[in-house]
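Over in Swiss-Prot, the protein carries these features:
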{"type": "BINDING", "residues": "GLY31, PRO32, ASN33, GLY34, SER35, GLY36, LYS37, SER38", "note": "ATP binding site"}
{"type": "DOMAIN", "residues": "3-237", "note": "domain 'ABC transporter'"}
Amino acid sequence: MILDAKNLAMPPRLLPVSFTIDAGEIVHFIGPNGSGKSTAISMLSGLFEGQGEITFMGQLLSDYDLPSLARMRCYLSQQDRPAFSVAVYHYLALSLSALNNPRVDHVQHALDEICQALNITDKLNRNIQTLSGGEWQRVRLAAACLQVWPAINPEATLLILDEPAAALDIGQEAAMYKLIRRMAEQGIAVVMANHDLNRTLREADKVLLLNNGSCVVKGSPSDVMTVEQLESTFATQVQRIEHEGRSCLIFND
């Protein structure tokens, strides 16, 4: 276990919720808009104060200084664009600033792998202000993964993503989830707020379903994402079908 959250809360946006996160685990927070997903995962970053207690790698999260946190975890908030103009490669280099002198060849190998996975290799010399929304989001994802890539940052343990698929098309989204699974296979725990319930059903190891600031249920995708619980939480009709050995959710008006 790398993280233990007890009675995490920021009333009224988030009421007390407790959960644990293991190394290499992919955890999805799902729920309607305003349910508390972003609030919950933002508190795991150590940048926002609230109620409750978070133990991270055996130590209270509040006891870490920011440079230590920057080496151990990365937090990608919802899409924003800085007010300065730099090339993409320069922006990506900023994600390495907190690391302890990683080897140049290891950094280059990690950069090549991540950029190829997200199909942004041809964007490295572009100015970030000239990128489309989807291109910019992929650059942000690349920077986040680079910061906690184990081969160049052995202290890394946690990647926190707030709605990372925003602005991505279906092919780019598929590539992102493949990269997230690659991170998890290297032992990085990935925590994310997500709206694509079919992706959560397929990709998550653990799910927390939130509504009106409260955790309705938590557990495996099959236990949490029942038709009854989804219909009650999202106030819409839901069907769950099997297609080619895979469960799919269909939402009816």
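In case you wondered, yes, glycine gets a Cβ from its N, Cα and C as well.
Cβ neighbours within 10 Å of PRO32 (ATP binding site), excluding its own Cβ and spanning all shown chains: 15.
Shown in sequence order, ALA193, LEU210, ASN211 are the same-chain residues outside GLY31, PRO32, ASN33, GLY34, SER35, GLY36, LYS37, SER38 whose Cβ sits within 8 Å of the Cβ centre of the ATP site. In sequence order, GLN78, ASP162, GLU163, ALA193 are the residues near SER38 (ATP binding site), counting only same-chain partners six or more apart with C-beta under 8 A.
Every protein chain considered, the tally of other Cβ atoms within 10 Å of the Cβ of GLY36 (ATP binding site) stands at 26. Close to ASN33 (ATP binding site) in the fold, though at least 6 residues off in sequence, lies no residue with a CB less than 8 Å from its CB. Around SER35 (ATP binding site), the same-chain residues at least 6 positions away in sequence with a Cβ under 8 Å from its Cβ are LEU210, ASN211, ASN212, GLY213. The binding-site residues GLY31, GLY34 differ in how many other CB atoms lie within 10 Å of their CB, and the one with the most is GLY31.
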